[in-house]
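Working notes for the structure below.
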Amino acid sequence: RFAVSVGYWKDPYIQYFVRQAKERKAPEINRGNNYVKMLTNPGFVCVPGYYARVHGVSYLIEAFLRKTECNCQIVNLGAGMDTLFWRLKDENLLPRKYFEVDFPMIVARKIHNIKSKPPLSKPIMESHSGDSLLIDSHSLDSSRYSIVGADLRFPSDLEEKLKKHNLDVHLPTLLVAECVLVYMTPQQSASLLKWAASTFPVAMVINYEQVNMRDRFGQIMIENLQRRQCNLAGVELCSSLDSQRERLLLNGWENARAIDMMKVYSFLPQADVRRIEALEFLDEKELFEQLMQHYCICWASKDSSNL
């Protein structure tokens, strides 16, 4: 929310989910992935990249939506307080159905915010058709948007709940996971990826998380997270871009790519990069690059219809 308030990108909905931070965030947080404080302060919690992450992931999502002409569905895994549904509606890019999945406690909090804030509930009602909208403490289901409380470590339970909310396995399906798989054991994330690859004939998965975690910089990141009782159960799969690609290919996906966030940053429209670089002073360019090389975006596809 701080990055939005400074002007890195526009998101009129985040204010309804996240309180404005009292302290000023470092520019490395807003542009990339901040471990500046972490390197000197063992208690600092790492904060994943914002600007490059949001634009990099959005680029792939929009490409999928345009390729399918929005005749598809999106399943946002571990969605938290994400605002993508509302932003896509504003851009007239809503898929046939947009699903979000997270732990029931997170889902309950999000549903409470939606019910109590008209700028969030109104777009859901505007896009809804058919029977009355279904809503309880741990799920919400409209014709275009659903939130499901489920544990991603149990794919069969996840599938059952999604199908109750009209998941269509025959539609082209995009699955999005941002800083989610790394918190699962390799066996658990493999089960989830295998389930997705075997369930949808035409599908794409986008994964954003850590990479190059075996070098000294990566080890410092892990150690400081552990001091905060934050365990990256799947970090062994984040050793390299190759290990990220192999994980996808070994679990049923036909094609897979992975690039680090420094490369993503270099691919973004340079006029906008110059604009955001003028927003806040950043003197540690070398450190910024090092931070960005420890996160990546991976994507994989399975395409029976040569889409």
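Cβ from N, Cα, C; glycine included.
Note: TrEMBL annotation is automatic and uncurated.
Non-local neighbourhood of Gly78 (S-adenosyl-L-methionine binding site): Val101, Asp102, Leu152, Ala177, Glu178, Cys179, Val180, each in the same chain, at least six residues away, with C-beta under 8 Å from its C-beta. Sequence annotations record features per position, and here TrEMBL assigns S-adenosyl-L-methionine binding site to Arg53, Gly78, Asp151, Leu152, Glu178.
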*Please work out the number of neighbouring Cβ atoms within 10 Å of the Cβ of Leu152 (S-adenosyl-L-methionine binding site), leaving out its own Cβ.*
22
*asked:* Let me make sure I understand the span of the S-adenosyl-L-methionine site: among Arg53, Gly78, Asp151, Leu152, Glu178, what is the greatest distance between any two Cα atoms, in Å?
replied: 24
*Measure the Cβ-based neighbour count of Arg53 (S-adenosyl-L-methionine binding site), defined as the other Cβ atoms within 10 Å of its Cβ.*
21
*Chain-internal residues near Asp151 (S-adenosyl-L-methionine binding site), provided their CB is under 8 angstroms and they sit 6+ positions away*: Phe103, Asp157, Leu158
